[in-house]
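Q: This is the structure I have questions about; it appears just below.
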Amino acid sequence: MSAIALTVSMLALVAVLGLWIGNWKIYGVGLGIGGVLFGGIIVGHFAQTYQIVLNGDMLHFIQEFGLILFVYTIGIQVGPGFFSSLRVSGLRLNCFAILMVVVGGLVTAIIHKLFAVPLPIILGVFSGAVTNTPALGAAQQILTDLGSPPQLVSQMGMGYAMAYPFGICGILLVMWLIRLFFKINIDREAKAFDSSYGQNRELLQTMNVAVRNPNLHGLSVQDVPLLNSDEVVCSRLKRGDLLMVPMPATVIEIGDYLHLVGQRDALEKVRLVVGEEVDVTLSTAGTALQTARVVVTNEAVLGKKIRDLNLKQKYDVVITRLNRAGIELVASNSASLQFGDILNLVGRPEAIEAVSAIVGNAQQKLQQVQMLPVFIGVGLGVLLGSIPLFVPGFPAALRLGLAGGPLVVALILGRIGSIGKLYWFMPPSANLALRELGIVLFLSVVGLKSGGDFINTLVNGDGLAWIGYGAMITGIPLLTVGILARMLVKMNYLTLCGMLAGSMTDPPALAFANGLHPTSGAAALSYATVYPLAMFLRIMSPQILAVLFWTL
């Protein structure tokens, strides 16, 4: 068998064994995709024992390409929500996520200096303790660029593997300890969250308002500023028994009923000016109007603003809501359309059909992947990651590397959505498949390279000490941030658990947090809020630590 065929066969064996190990669960908790690392260690151990030689260049390429695929698809997935998560609504949660990364870095620095742990080893332990595989890849690359001996760099995978199991279990232990220490009642926390979230959430709401202000009588809709703002959409107007879609030139009369869509505070502002909220149905049932949901798939409208489509004037159709990546937005005139946007339309059936044809509404396109944008994005990411940044006093130029470059580019492209006919939308199933393939390839190679000396290091070397260091890097930040969040800001426990899981970019921990109260979405919401920023910081933090430690 050729060296290439043997290498591919061994990687397949590692993947099968590792994924099987990852499916093992103890009290509902398993290693998940991390099992591939241990599958690689087992196969790597026997490969060295029986002197099976694999193609080193091929392994190196597969490791780096797997990492690129993983971080790029992560960036595309979280890109649309990354920048919005930094706004006020998620600012507090993200501040705690930043604090956790900072505390973890400080603990790592103290252990490195106090116990004289070699830099590659402590960075490997750090990556495993926070269960973040891209951080391991980023640390390996920056240390290689800095000139660290290849033998030490190859040991990073062992440090990662030693710390990884407690990284998975440690966060669950911390959640349990916080619950025990503060004597938390889960049902009470869930009810408190539902009550608070129902009052404060920024989801869109509707309001039916009767026109009572005599100053508005005789004015057209376009002459009332609040009805033309980017915060509220007036989707229906009822006059007597007639229900219509209001045009910009439609004249308002006393006694008209307006159906408004927007966030609660914006709706209240309109109500104060227009009249009073009324309990009158403005349903399209039994009328000439109907509602429909259509999806944007036509390349010709990508990037265009809603006002440029002129749907009200041409077709007497109004867009009431815009759903992007699961987030409902006000369909303001200044909103630009992106591939995959879901639009709520109100109008006559024939007009809605015409508008559907304009925006595309081709459901099958949502299942197709444009490969050209994928490779453009990967190429740009690699180029960005290779650009050197020379800092006076540093022994090597700083780079985002093959982990940071594709991630930054993917975040930006995911946020932009499309450029011309190129769109970076990726169906969730395709994104997940590429992401899982990438991380399996990366972990397989890391495990194979680490397996030869793993048992010897654990039994006769410093393996047990590394496990202890990893436990400190896992536990201290989690306990610190968890206790502070609960004591200082009285954070809801379910929200707290989701925030901790998101800050560790740890899906098994999210599954555990969701299981605390299956009907509450508190944990999932806070996890999604902090995950994008946490993933970015987790990938960048070992590179920053590597450069700082290298110069000291």
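The chain as shown is numbered from 1 upward.
Glycine is treated like the rest: Cβ placed from N, Cα and C.
Heads up, here are the entries from Swiss-Prot:
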TRANSMEM  1-21  transmembrane segment
TRANSMEM  26-46  transmembrane segment
TRANSMEM  65-85  transmembrane segment
TRANSMEM  96-116  transmembrane segment
TRANSMEM  119-139  transmembrane segment
TRANSMEM  158-178  transmembrane segment
DOMAIN    192-276  domain 'RCK C-terminal 1'
DOMAIN    279-361  domain 'RCK C-terminal 2'
TRANSMEM  371-391  transmembrane segment
TRANSMEM  393-413  transmembrane segment
TRANSMEM  439-459  transmembrane segment
TRANSMEM  464-484  transmembrane segment
TRANSMEM  493-513  transmembrane segment
TRANSMEM  530-550  transmembrane segment
Q: Six or more residues out from either end of the transmembrane segment (439-459), which same-chain residues have a Cβ under 8 Å from its Cβ atoms?
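A: Hits for the transmembrane segment (439-459): 10-11, 14-15, 18-19, 33-34, 36-48, 54, 59-60, 62-63, 65-67, 69-70, 133, 136-137, 154-155, 157-158, 160-162.
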Q: Same-chain Cβ contacts of the transmembrane segment (1-21) under 8 Å, 6 or more residues past its ends?
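A: For the transmembrane segment (1-21), the list is 31, 33, 35-40, 42-43, 47, 52-55, 58-59, 62, 440-441, 443-445, 447-448.
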Q: How about long-range neighbours of the transmembrane segment (530-550): same chain, 6 or more residues beyond its ends, C-beta under 8 Å?
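A: Residues packing against the transmembrane segment (530-550) from afar: 71, 74, 78-79, 81-82, 85-86, 90, 93-94, 96-98, 100-101, 104-105, 108-109, 112, 119, 123, 126-127, 130, 132, 134-136, 138-139, 142-143, 146, 394-396, 398, 400-401, 403-404, 407-408, 411, 499, 502-505.
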Q: Work out, from DSSP, the number of helix, strand and coil residues along the domain 'RCK C-terminal 1' (192-276).
A: 30 helix, 28 strand, 27 coil
Q: Given the transmembrane segment (464-484), which of the listed stretches 96-116, 158-178, 493-513 has the most Cβ pairs that are under 8 Å apart from it?
A: 158-178
